[in-house]
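Take a look at the structure set out below.
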């Protein structure tokens, strides 16, 4: 049964009438451009064919009812006329409440809604299950009530909800790609202007995501430390963000910086340049150059930004040994575990899967999870 069929059937059972529409918003994987988003830089993600799906209908009162199919059909209910506060027990409900609360601040011309939510974006893998939920909820209200909001505004609203209501610091990339993704394309995003450029993906190339299943423990504290180090670097150059510093300016005075901060800054500056070049390489179908840029990105995350772990490095090496210069592979996401992403000619996918199955667990004691994805369309009706 598809997610659409599942949520529609649950909706009718739970609420006693049929849903009027079903909305989806995808998860994402970032092909290159890591930790550049909060430095006002560039990222190159694509939406993937794993999504959050919501069957919904407007109500003629001010009540919101939400059922979470993936959490034992837990039900949350709140009013649009009372202050929206955090749910005491259901963490999932806070993403919904946060989006609705922040949408009220932007455009309060919507009424109540019934929703049933289900999704298949793997959680805790760094594939943005939370952003896809935020964008899906925003899109539901936008579509049901014809709100004059575009994808970028729905994305910004989701980011605000996550930062201010849920209390998790995140950049804008995850929500933007979920809202604006384009089938068979990646999206080059300028995280300062929020300008986007669709970049066509070469034909016959699979987007493979492999979860190391190494449990991330440091990710919150270390993420904040990296952010502070980048801000320290920007202050040193008297710029609002590292986006405004050139590699030449950095090289001239790198020796004056704290050595750790210097390494962090160098990663951001070189990663921004790589990301812009990667968009051109992809568009020209130059998988060899894309592979080189992904390899440089991984080395920079490992040596300068220091956010990889041995298990991730092992996975990258196993994949690289199979694909050579026919594709690319690197860690993706915040770091300290999580996933790697690879662009692989479709005919090499079975060989990569076999090599990983034979070697990764033997070397690390952990079993990986393997996903073959397609670059997919952003949020909308399904």
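In case you wondered, yes, glycine gets a Cβ from its N, Cα and C as well.
Features as listed in Swiss-Prot:
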- 174: active site, proton acceptor (ACT_SITE)
- 34, 35, 36, 37, 223: substrate binding site (BINDING)
- 124, 125, 126, 127, 128, 129, 130: ATP binding site (BINDING)
- 130, 162: Mg(2+) binding site (BINDING)
- 28: site 'Transition state stabilizer' (SITE)
In the structure shown, which of the binding-site residues 124, 126 has the fewest Cβ neighbours within 10 Å?
124
For a quick check of packing: other C-beta atoms within 10 Å of the C-beta of the residue listed as 'active site, proton acceptor', how many?
29
To the nearest whole angstrom, what is the C-alpha distance linking residue 125 (ATP binding site) and residue 28 (site 'Transition state stabilizer')?
11
Min neighbour Cβ count (10 Å) across binding-site residues 34, 37, 162 flags 37
Counting other CB atoms within 10 A of each CB, which of the binding-site residues 125, 127 comes out lowest?
125
What remains of the binding-site residues 35, 37, 162, 223 once a 10 Å Cα-Cα cut-off to residue 127 (ATP binding site) is applied is none
Measuring C-alpha to C-alpha, could you say which of the recorded positions 28, 34, 162 are within 10 Å of residue 129 (ATP binding site)?
28
Once the DSSP letters are reduced so that anything not helix or strand counts as coil, what is residue 162 (Mg(2+) binding site)?
helix
Cβ neighbours of residue 223 (substrate binding site) where a neighbour is any other Cβ within 10 Å:
19
Same-chain neighbours of the substrate site, Cβ within 8 Å of the mean position of the Cβ atoms of 34, 35, 36, 37, 223 and not counting those residues, run in sequence order as 33, 38, 39, 43, 171, 226, 268, 334
Around the ATP site recorded as 124, 125, 126, 127, 128, 129, 130, what other same-chain residues have a C-beta within 8 angstroms of the site's C-beta center?
27, 121, 122, 123, 333
Rounding to whole Å, the Cα atoms of the residue listed as 'active site, proton acceptor' and residue 128 (ATP binding site) are apart by 6
Rounded to a whole angstrom, what is the largest C-alpha distance between any two of the residues 34, 35, 36, 37, 223 that the record assigns to substrate?
13
Filtered by Cβ under 8 Å and at least 6 apart in sequence, the residues in the chain of residue 35 (substrate binding site) near it are 226, 230, 267, 268, 271, 305, 307, 334, 335
Would you mind reading off the Cα separation of residue 162 (Mg(2+) binding site) from residue 130 (ATP binding site), to the nearest angstrom?
8
